[in-house]
Amino acid sequence: MINFFGGKAPTAAQPASSTSTAVNGARFASVSTSSSASASAAGQPPLKKTKIAPSPVTVVTTVKKKVAPPTSVEPRDPIAALSGYNSKNALPEEKRRRIIEERLAAQRQKSIESSLEAQLRAPTKSLSKSQSASSTSRRSAASFSKPKTKKPRKKVVDSDSDHDEFGDYGKSSRKPSTAPSTPRASKRTSVDPHPTSDSYQKVGRDGVQPNYTVPRDIRASTSPTNTTAIPIDTQSRPSKPISSADIVTANIKNYGPYFNGLGDAPRAVLEYPGTDASEEFLLLVPKDADEYDPLMELLATVRAIVTHYLTPEQRKAFGSLDSLEVSNNAGMILPSATHGASASTSAVCNMVAALTDSNGINGARAKSADLLDGQGSKAERRNHLVGAGTYKDTGSMTPEPHANGISQTAPVSPTSQTSGISASAGGSSVAKTVLVNNALLRLDSPAPTELSVASDHSSTPAASCGTDPDSILRSFTKARNRRDGPLFMRTLARFNSALAALRDTGALAANIADLGSCTGVPEGIWRLIQDQVYARVVGPRVEELGRYQAFSDNVYGELLPRFMSEIAQLTLLGPEKVFVDLGSGVGNLLIQTSLQTGAEAYGCEMMRIPASLASQQVVEAQLRWAAWGLRGGSAIEAWQGDFGDHGGVRDVLKRADVVLVNNYAFLPKTNENLSLLFLDLPDGAKVVSLKPFVPPDFRLTQRTLSSPLAILRVTERLYTSGCVSWADGGGKYYIQEVDRSLVREFLQNAGAATRAKRGKVSEGDDTVAASDLMVGQDVRRKRWKAALQDDDEDDDEF
């Protein structure tokens, strides 16, 4: 720049460093501008505008320096690293190494002992630590490709710590076991904390077989069975079972007629396989399905006799079993008996009047019509029905009453009745005469109407000649379906005649003997007999069984026949065995067990009404067994009282083989008192209950050694539907077997452990004495030091 005053313009100062910024240039420009302004203000001529140099460019240079690696440090001695000391140590090198090696050896020995102990506690562990360590390198490569499957941990049940002085017998008597773990991805389910062990097993339904029978001699004996179950209401033992007609008569208002042509209260007699055994039935049907159905029972009895008491050759004379239909007939009362209230009332009055005339009210058997009617009354009734000269040449004889007092209301074979009829008589007169003869044998029923005579005449052509073309079983079904009363009575007479012929010749007795030696009493027989006994004794008083105190030991519930049959099969009940039911109720299981297996049966019930019914059922069952030609066990008794105080229960438990306790609703105190009775049971006896007496976590130790539960070995089982009366579904029940070997083994091993401990003490007497001396010296030394400290403290205080 040129200066007009002859001087040079001041040169711009060079930047001090290459990193100067444009801000400095701007600062210089402002300075020069201010100086020129000041010069113009001083009167000097204006200067030319100077050119500003461009701002310098900033250049950033990055320099990379190579850092030298750190100096390598020599690795430390592994033994020195383990010991924590530096190489420079006060101890000599050899001694220091020896100490470290001994420490490592002790650690290895300790790890080996711990692994062995873990293997003994968990024997299912497959891999040891050494094997798992050697295979870790091989699994590490595969771990990147697929995820590891985590094994469930096994829970080991340890023993009690306060009984180590008895060796292994301070532990539980049951083997330790593991509980299954729940998968992490699944929902949490209930885990059984008490799995199967030697003393507690869960077998479910294994070994259960249907239709348990015991081959034995089942023929009825002439000597009465030993029993003390005498009915409370009567002092003398009845000689005959309660008939079906007696049960219906006592509740006649709930029944109505079923057959046409038989009147309001028709009676029929059914022959049984036993000697001179028969039963009287009223051929009526109930209005309600819950009531007793006499017609269905009669047909069921016929079917059972033909099925089980006859050989295939003998069965041909009765017909095919498929042709006999047995079903409930409740509510199927004749329409004529239900037209209006007046008709129903008159029908009931007629039935009551007929039953009163036959002396059938209140359980008394109807007398024979021949005993009620004289010759004059019979002649008058005959003349009223068919005229004076129609019957005098027939030659028909009215059958004599049975020696047992039961009226023979069912006619004998129609062929014998019509053998003396004149050949000149027409078909209508013959049919009418047959019907009149039937009516004469049923004098408690009204005379048949003309409609019934016509229906009887037009039923089949063979009926006019006194024979039926169908078999006996088929005729029963046809008469029931058609409501044909006369046909039903003729068919029943044919059945009685054929069965009596087999009974009189001894064929039925031989069949019963063969049946007993092959299979014993079939299920179809003992079930039917038990239903008959229950319907006659318990059925009329079933409402009284509901009178009990709720939430007490007297809550009533029954075990059904299917359940008892399963228990008998699993416990191998049979002859020469003793069965005891504690809380026997009405005695159903006593009756079933005695007849099905032939075992002695004893029961005890606290409540008065069920105990009374049980006594009556036992008597009725024995009478019915004789009617069927059968016999039960050698003894059957039902007692009333508390089984904890009853003397008979104490005596019979000493030789019992199976004890049944329905303790489903028992209080805990009752179960505890009941378990004390099990101490009298012999080895091998089984206790069946619905609640376990031995909990699954029971442990046999010195504390529980005196418990009555220590001698029981438990098996948990499952029952299905149809086994109990209070629930439709299934449940659990328990069979506890008396096994005193558990306690004996415990005591033997505990004694061996004690003797071994005493032997160790005797061998180390010197060591023990020396150790006692050292302990004594140590104690005296501590006391001397404490005394010195006390003296020092006293001196300080002074």
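These residue numbers are counts, starting from 1, taken along the chain as shown.
Note that Cβ sites are derived from N, Cα and C of the backbone, with glycine treated the same way.
Its Cβ placed at the centre, Asp581 (S-adenosyl-L-methionine binding site) has 27 other Cβ atoms within 10 Å. Marked as S-adenosyl-L-methionine binding site by Swiss-Prot on the basis of sequence analysis: 556-559, 579-588, Glu605, 642-643.
Annotated compositional bias 'Low complexity' per Swiss-Prot: 9-22 (among others), in sequence order.
Residues or ranges marked as compositional bias 'Low complexity' in Swiss-Prot: 29-42 (among others).
Among the features that Swiss-Prot reports, compositional bias 'Low complexity' is placed at 53-73 (among others).
Taken from Swiss-Prot, the feature compositional bias 'Basic and acidic residues' applies to 91-105 (among others).
Taken from Swiss-Prot, the feature compositional bias 'Polar residues' covers 108-117 (among others).
Annotation comment: Swiss-Prot describes 125-146 (among others) as compositional bias 'Low complexity'.
Taken from Swiss-Prot, the feature compositional bias 'Basic and acidic residues' covers 155-168 (among others).
The compositional bias 'Polar residues' annotation in Swiss-Prot covers 175-184 (among others).
For 220-242 (among others), the entry in Swiss-Prot reads compositional bias 'Polar residues'.
Among the features that Swiss-Prot reports, compositional bias 'Polar residues' is placed at 405-414 (among others).
Among the features that Swiss-Prot reports, compositional bias 'Low complexity' is placed at 415-425 (among others).
The domain 'DOT1' annotation in Swiss-Prot covers 439-751 and rests on sequence analysis.
Per Swiss-Prot, the feature region 'Disordered' maps to 1-242 (among others).
Taken from Swiss-Prot, the feature region 'Disordered' applies to 372-425 (among others).
Annotated region 'Disordered' per Swiss-Prot: 450-469 (among others), in sequence order.
Per-residue pLDDT, averaged along the domain 'DOT1' (439-751), amounts to 86 for this model. Close to Ser584 (S-adenosyl-L-methionine binding site) in the fold, though at least 6 residues off in sequence, lie Leu590, Gly603, Cys604, Glu605, Pro610, Ala614, Ala638, each with a CB less than 8 Å from its CB. Residue counts of the compositional bias 'Basic and acidic residues' (91-105) by helix, strand and coil are 13 helix, 0 strand, 2 coil (DSSP-based). Long-range Cβ proximity for Leu559 (S-adenosyl-L-methionine binding site), meaning a same-chain Cβ under 8 A and a gap of 6 or more residues, is found for Asn588, Leu589, Leu660, Asn662, Cys723, Val724, Ser725.
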